[in-house]
Amino acid sequence: ERGWFDILDDWLKRDRFVFVGWSGILLFPCAYLALGGWLTGTTFVTSWYTHGLASSYLEGCNFLTVAVSTPANSMGHSLLLLWGPEAQGDFTRWCQLGGLWTFIALHGAFGLIGFMLRQFEIARLVGVRPYNAIAFSAPIAVFVSVFLIYPLGQSSWFFAPSFGVAAIFRFLLFFQGFHNWTLNPFHMMGVAGVLGGALLCAIHGATVENTLFQDGEGASTFRAFNPTQAEETYSMVTANRFWSQIFGIAFSNKRWLHFFMLFVPVTGLWMSAIGVVGLALNLRSYDFISQEIRAAEDPEFETFYTKNLLLNEGIRAWMAPQDQPHENFVFPEEVLPRGNAL
């Protein structure tokens, strides 16, 4: 006798245009609510009460300048539930306090996890290995570290990125000014992973296109391919000879080549996520104190490192009063950074 679980299992895994599955119970509601919350916030909701900013289409922003802003610093790490003590069930007040940000961040995180579980589930049903899901763990790690773990290490959700294009750019400048993020080795590994992955992708695609078998008469080489054909569609031997002539070494194993293409960007993103967890704890890296001391003592000595530190000071001094108006920062002229050349 089949129970309700088996009946539900059959329905969830039924062959349909968009597969649902058990993962869909988490994925579809969370993705719908996160995207819907973002579209609602960017269309109607102001950031006047949290950041002193206009951030919606209703206020005159465009696609690049709208955002769903983080809650005010005074909210701390409250989940800002609609029925919580801050909003007390008042939807308008909840939006004004920044409740949409926590709503989107949490539903977005669970939506991404649901998408990874979807890849696990379908891989199991189709009978393939789960490397797609493993690879997707990298962007999830970056999202969770940047949007959740970093602000949890700071004083409030206020210091997380707001959900918007220009808002993310502001956050990048904040990370540079307050953490010297570009000199952090974990960021360097992240850049190497992303750019290295792009390079590998371009090289691989070009090499395959270069070595396609001439097995059709059409103007387009794409027409000669059949997804059910048994034979190879390009010559690995020719590709190997081509790169052997250029570099002296080349991949001779397709499985190792494709694992390497998986490994480079995924490892880079994971390293970057680990670095952001370090920033959540205000860890520092690569402070070249000897250069700083010499630059302070010798007016003629300056390096790109010491110049960048001055730029960071400038970001902090000019950004903090704008970015954190609730602190009422006032920096007198004499504390603003001056380079040795000045």
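Glycine too: its Cβ is placed from the backbone N, Cα and C atoms.
Some features that Swiss-Prot has for this protein:
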type	residues	note
TOPO_DOM	1-29	topological domain 'Cytoplasmic'
TRANSMEM	30-50	transmembrane segment
TOPO_DOM	51-113	topological domain 'Lumenal'
BINDING	His107	chlorophyll a ChlzD2 binding site
TRANSMEM	114-130	transmembrane segment
BINDING	Gln119, Asn132	pheophytin a binding site
TOPO_DOM	131-141	topological domain 'Cytoplasmic'
TRANSMEM	142-155	transmembrane segment
TOPO_DOM	156-196	topological domain 'Lumenal'
BINDING	His187	chlorophyll a PD2 binding site
TRANSMEM	197-217	transmembrane segment
BINDING	His204, His258	Fe cation binding site
BINDING	His204, Phe251	plastoquinone binding site
TOPO_DOM	218-267	topological domain 'Cytoplasmic'
TRANSMEM	268-284	transmembrane segment
TOPO_DOM	285-342	topological domain 'Lumenal'
Of the binding-site residues His107, Gln119, Asn132, His187, within 10 Å of His258 (Fe cation binding site) (CA to CA), in sequence order, we find none
Going by C-alpha distance, which of the binding-site residues His107, His187, His204, Phe251 is nearest to Asn132 (pheophytin a binding site)?
His204
Using a Cβ cut-off of under 8 Å, list the residues of the same chain at least 6 residues beyond the transmembrane segment (197-217) that approach it.
223-224, 232-236, 238-239, 242-243, 257, 260-261, 264-265, 268
Return only the integer: C-alpha distance in Å from His107 (chlorophyll a ChlzD2 binding site) to Phe251 (plastoquinone binding site).
42
Rounded to a whole number of Å, the separation of the Cα atoms of Phe251 (plastoquinone binding site) and Gln119 (pheophytin a binding site) comes to 28
Across all protein chains shown, the binding-site residues Gln119, Asn132 give the max Cβ-within-10 Å count at Gln119
Take the C-alpha atoms of His204 (Fe cation binding site) and Gln119 (pheophytin a binding site) and report the distance between them in angstrom, rounded.
24
Students should find that the Cα atoms of Gln119 (pheophytin a binding site) and His187 (chlorophyll a PD2 binding site) sit apart, in Å rounded to an integer, by 28
Could you tally the C-beta atoms, other than its own, that fall within 10 angstroms of the C-beta of His107 (chlorophyll a ChlzD2 binding site)?
21
Pop the mean pLDDT for the topological domain 'Cytoplasmic' (131-141) in here, whole number is fine.
97
Please report the number of other Cβ atoms within 10 Å of the Cβ of His204 (Fe cation binding site).
16
Around the Cβ of His187 (chlorophyll a PD2 binding site), other Cβ atoms found within 10 Å total 22
